[in-house]
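Please read the structure below before turning to the comments.
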């Protein structure tokens, strides 16, 4: 029931039925109240946007230990502004991953540490309390390097958290469902956001870098990193393919070692068991021959005794390696491929279990039998070696199967892969007591009867059908069937994987003619226990959960004491159950279970192409890994270009950023996100026409994109495009009223109409929707500045800096306030601070030069800064005019006239140009040119006619105050 409910919850979420998923998750938690099911309820509430409900659900739990619940608790607190509570939860996750997900750098050290851990377990358990009470002491006497000492000091601060982890028996179980690279990276990312909010810059940089190192595709973490320190980022280090593989292997190194150790352990077990079977082969043959004339009851006892003998050989004669570590066990762990957790989420190892592949494999087998009739089928055995570590990932393998009426009404026992039934006509070739039977590897679930010759099935199952039978058994076993025998009990290398190797008809006929004996009877435990365990396991769909091995259950099953008794009862029942059925019934059951009969109703499985099936030991897996490697390389190359371009834009190297974005392919470049960043770069370069055309293209290409439109509205405000600004304000306000970008656009529209009060209300509405929207605070500050509310403007700009320390517009706004208040030293400081962030800003250089002019000791520095502003942006008319005014004040009239004439070519209708030109010509004695310039100014600006006429009247006279009013000419 629990498996069905979990699958139903996942399907409901996938179909957008959130309320139905919430109802099912509540039923699931009522049935089984654990942290895993609690996470499902809280996660659904969080996805619905009900953060308060999510927080209360998690807080009501008496004790939260699982990492995914701690992460969701911290995320909810962060969204609600509870920064301290969020940090207390997320720090546990960070310490856990930093402490327990760091494999040693040396394999030799790993082996030595494993041996030392086995010898020091008792001492560590006895010293847990001492470690908690004495947190300042070094717990590891072997740490002699400075890095290890610093690590001990770091963990000593959080000794209480480490003590909580020490009390947990299975430390790896608390990260179940949340141990993928993306999950670990998201934990570090949230810790970086919290540190940034607390103004802990170094700590924020540390965790944001760890986030990108752990999972390079976590783009939001890289964006935050660029907002803090773009000059400290090494793109080649963060988005290197070698670094990605290193990080993935770094996270999974311990799991790989356990995997290899367990493979070696099973290999040693199989090799020694094979030797024992060879030594006892003659005795077994004699016992089997003597038992051929016995009754069915004696026959069953012989089979049972053989099973018990095989089990004893395995459990008593196998040798464990010294460095074998029993891996951590979690009841919900599933079997999966483990080259790395990243590959687990990308590759699905699928067995051949479809009709097309069965027919093709059958034809190939018949051809091989005709070409090599005498060769034993050892290749088929070798082909499927080491396949027991692969979970069948069929399209519907995670869905509880729908059984037929026969299976749903009766107690179902799994049908063996190859079942020999007694011949109704009796034995035609009685066995000879003097004949010797060659050794044959045993197969699971196969009973060769000693009383008579094995019956030849009408349809010989090829290896593909055997695989399909085993896989169908693995997923068709009812959940109510609860067998507790071990999962794997092996006697040879052929039966450990759960696959059967049958002898062809030609080989059996040759053996009947020459030797007239039956094959050796060696049986193993049924694979039913493995099927039941895999059926009962859960499949969690969480934040990037990867599938892992249930190695503890595999290793511990080899030494269970109650194995013999349970296997004895099961083999008895299993043997008698199939002896009571005819051959036709067994074939019908096999066809019904395989669903390959022509007239049967086919289940709604997805069609799989056989070319997509990956062989674990063949070339297909190698080719698949190569394709995966190519895909990762291509994705990292794309991320490298995007990251490099975005970093350049954050450094306000706009020309370089535009060229870097052009390295993208046409498909990637013609996207809304990229074009928005390119338009922003042109806007910073004061190329308003190009930026406007790009924004218009984005608005038509992706009308749903609102991010970046706030900058588009500011551009229209600067260009005084009232009609277009009103149009997009109406458009986006109707499209999404819950978006802060929509309200910023509307606010700019009212600001252009000089309705500053309405604009302030709209900007504050945007801040309510997104308290971290830096640009809304900045625009709100400018509106307060327009209303001469300087204190409110200062508060708004400071809030913007708090959200983004590199937002130079906020520093520029504070500098304007201090400049208006004639606090030139403070104004200079903030202008320089803004200029240190954006060194290519012509406006900042201009205002800094204006500020320096008021310092008598820095007048020349001010002039140089204005020249720099014009050099950065030659069309910056405001800088040209201010430079001309400075030159006029310093009696450099010819240079001032040159700047004014350049300004006149760009903006020929600006009145201040002609007024200042008239003053310059007057000082040079060229009164005719001065009169012409002043008359032109009078024609362009009749409103200031009184001031201009007074200048005309004073042309023949010397005016001592002419040098004092040039700043009024704006």
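Each residue, glycine too, has its Cβ placed from N, Cα and C.
Looking up the ranges 62-105, 106-149, 150-193 in Swiss-Prot, the one annotated as region 'Disordered' turns out to be 106-149.
Among the ranges 529-555, 556-582, 583-609, 610-636, the stretch that Swiss-Prot annotates as region 'Disordered' is 556-582.
Segment annotation: Swiss-Prot labels region 'Disordered' over residues 358-379 (candidates 358-379, 380-401, 644-665, 666-687).
Swiss-Prot assigns the feature region 'Disordered' to one of the listed ranges (31-57, 220-246, 247-273, 274-300), namely 274-300. Secondary structure of the repeat 'TPR 8' (636-671), assigned with DSSP and counted as helix (H, G, I), strand (E, B) and coil, comes to 27 helix, 0 strand, 9 coil. Within the repeat 'TPR 4' (185-218), the DSSP-based counts of helix, strand and coil residues read 27 helix, 0 strand, 7 coil.
Below 8 angstroms of C-beta separation, residues 685-686, 808, 812, 815-816, 819, 822, 824, 827-828, 831-832, 834-835, 882-883, 886-887, 889-890, 906 of the same chain, each at least six residues beyond the ends of the repeat 'TPR 13' (843-876), sit close to that stretch.
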